[in-house]
Amino acid sequence: MNRQKVIAIDGPGASGKGTVAARVAAALGYDYLDTGALYRLTALYAQKQGVGWHDEENVSELAKKLPAVFSGSRILLGGEDVSDGIRTEAIGMGASAVAQLPKVRAALLQRQRDFLTEKGLVADGRDTGSVVFPQAELKIFLTAESKIRAERRAKQIGIPCEGLAFERILSDIEARDEADRNRKVAPLKQQPDALLLDTSRLTIEETVKKVLDWYREV
């Protein structure tokens with residue numbers, strides 16, 4: 001099978017996968033796919049429709065007809081801008097829940113693959129390198145210490161990196177890590193053919209440069 005013009009980036013929540021992937025895509029002139037957004041959209045859509053996140057049959061049916069549109073940096077669901085709404089920790093937990101459902105993953109698989117064109121693609125999210133794009137030219141497992149990830153998330157939403165609100169963010173991130181590592185379907189783990197990139201002591205710019213350097217070497 002021929003290699004695919006894809007960079008696949010996996011890793012834990014709040015590790016900066018999306019920011020790094022988007023910047024790498026821009027630098028290369030490739031398209032960008034946030035696969036995690038599709039699961040977040042599915043979780044939000046299910047919530048809006050009154051469907052429980054563990055209801056595999058009904059959630060998978062919603063995933064098949066997900067009325068989502070990616071417009072630049074904005075994400076629309078049924079015509080409503082939900083770019084910020086899908087980024088809450090609660091919806092993140094919902095995304096982790098629906099992503100454990102095999103029928104939901106199957107429903108979204110082809111939709112993810114359809115994003116790949118001759119232009120090239122940078123995709124971030126679980127299973128991007130092992131299942132969605134197994135012949136990707138470069139596969140990366142991007143991670144950082146949980147406290148560092150919590151600090152980055154806190155700065156992103158404008159709260160101090162201390163106090164109860166910060167501790168809640170850290171607790172949520174660690175709980176999600178634990179759930180993702182131990183789930184039966186697509187658990188969080190580095191694949192054998194993926195390069196490990198710990199960004200705990202790296203800036204975004206340094207991380208992007210590292211990814212681009214690796215890609216030029218493949």
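Note that Cβ sites are derived from N, Cα and C of the backbone, with glycine treated the same way.
Cβ neighbour count for Thr19 (ATP binding site) (all protein chains, 10 Å cutoff from its Cβ): 15. As annotated by Swiss-Prot, ATP binding site applies to Gly11, Pro12, Gly13, Ala14, Ser15, Gly16, Lys17, Gly18, Thr19, with the evidence given as sequence analysis.
Here the binding-site residues are Gly11, Gly13; the one with the fewest Cβ atoms within 10 Å of its Cβ is Gly13. For Lys17 (ATP binding site), the same-chain residues 6+ apart in sequence whose C-beta sits under 8 angstroms from its C-beta are Ile9, Asp10, Gly11, Gly36, Asp124, Gly125, Leu142.
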